């Protein structure tokens, strides 16, 4: 009898065990689609990014014009650029929903998978930040100046560190060229980490909405979930195309239509929408070092979540108090995102401070208490 190549070939076997014959829980919902959507986002961003890099010039005197030239004179350059810029937004929408799913259903108890996921988020944030600087518009330049300047808050070595990162005494040509190099490199780092993420995931298998072991009821990934993933791909790519074709500048900052000018500061310096929650937390503390620590903590707190799990149930499906707390946290993050886009004045300052306090309070204090309380109420 002939050997089945798909199951025996050294390379095809890996693909088969990851995408075709993978045993998958029979009850995972649409919330489990976002992992594969993130994969599609990454592939799309790498392809469009490579095409853009072929026409981009990483020089302060040419960067802005090279992007304008791309949109005007390169075949479909405008489309490639719009897909790349809005693809980043879709990437962050998917990753935030993916993290929210993990948080709600207790997927963070697969500790290795979760920790690699948090590292992936940090790498994605770094990639998006350095990429935002490349068009060399006003907000690119001032965003880079403000955010890199935060490292100067580090005691003793801060100022040296910032000047080393800048390659001079301000954000200038050396900064732009190294940011381009980093922006080219990091997506491949993300791709590598994604493989590690999947390797750890396939050690334990996927979690499911009930948060219970599902080894007794597994189904093959293909055709059941492959077709479900293709539906997700279609919906996401249609959304991306719609955004890129009908309102490509909806999520961008109008300041970036003006070339970078170190002598004119924009009235409101703010990052892209996907960083606004962290920016609001940074601004809510009236001390530079304190703000930087809060900013770092707002994302690094994700590493602590597996350690703060007190409930004897994995998922929140049957935990109404935790569910209420979870949706309060989601609302709080939306409020922080809104506050981050507003000027620093009354009442936004106090709203931002309260929302920042609530964010840390819910994750560090209320979730563990409510988890323990639910154990008590359910006599677990």
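In case you wondered, yes, glycine gets a Cβ from its N, Cα and C as well.
The model shown is predicted, which means the values in this text are computed figures rather than measured ones.
Record features, source Swiss-Prot:
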| type | residues | note |
| --- | --- | --- |
| BINDING | 84, 183 | heme b b562 binding site |
| BINDING | 98, 197 | heme b b566 binding site |
| BINDING | 202 | ubiquinone binding site |
| TRANSMEM | 34-54 | transmembrane segment |
| TRANSMEM | 78-99 | transmembrane segment |
| TRANSMEM | 114-134 | transmembrane segment |
| TRANSMEM | 179-199 | transmembrane segment |
| TRANSMEM | 227-247 | transmembrane segment |
| TRANSMEM | 289-309 | transmembrane segment |
| TRANSMEM | 321-341 | transmembrane segment |
| TRANSMEM | 348-368 | transmembrane segment |
For residue 98 (heme b b566 binding site), the one of 84, 183, 202 that lies nearest, given that the binding-site residues are compared by Cα:
202
Using a Cβ-Cβ cut-off of under 8 Å, list the residues of the same chain that are 6+ residues beyond the ends of the transmembrane segment (78-99) and lie near it.
31, 34-35, 37-38, 41-42, 44-45, 48-49, 51-52, 67, 70-72, 117, 120-121, 124, 128, 131, 236, 239-241, 243-245, 248, 251-252, 272-274, 302
Can you tell me which parts of the same chain pack against the transmembrane segment (227-247), counting only residues 6+ beyond its ends and a CB-CB cutoff under 8 A?
30, 33-34, 36-37, 40-41, 44, 79, 82-83, 85-87, 89-90, 94
Looking at Cβ-Cβ distances, which residues of the chain lie under 8 angstroms from residue 202 (ubiquinone binding site) while being 6 or more apart from it?
17, 18, 22
So if I exclude everything within five residues of the ends of the transmembrane segment (114-134), which remaining residues of that chain have a CB under 8 angstroms from its CBs? That is, six or more out.
56, 58, 63, 67, 88, 91-92, 95, 98-99, 102, 107-108, 140-141, 143-144, 147, 171, 175-176, 179-180, 182-183, 186-187, 189-190, 193-194, 196-197, 200, 271-272, 274-275, 299-300, 302-303, 305-306
For the transmembrane segment (179-199), what are the same-chain contacts with Cβ under 8 Å, counting residues 6+ beyond its ends?
18, 38-39, 42, 45-46, 49, 53, 56, 58, 113, 116-117, 119-120, 123-124, 126-127, 130-131, 133-134, 144
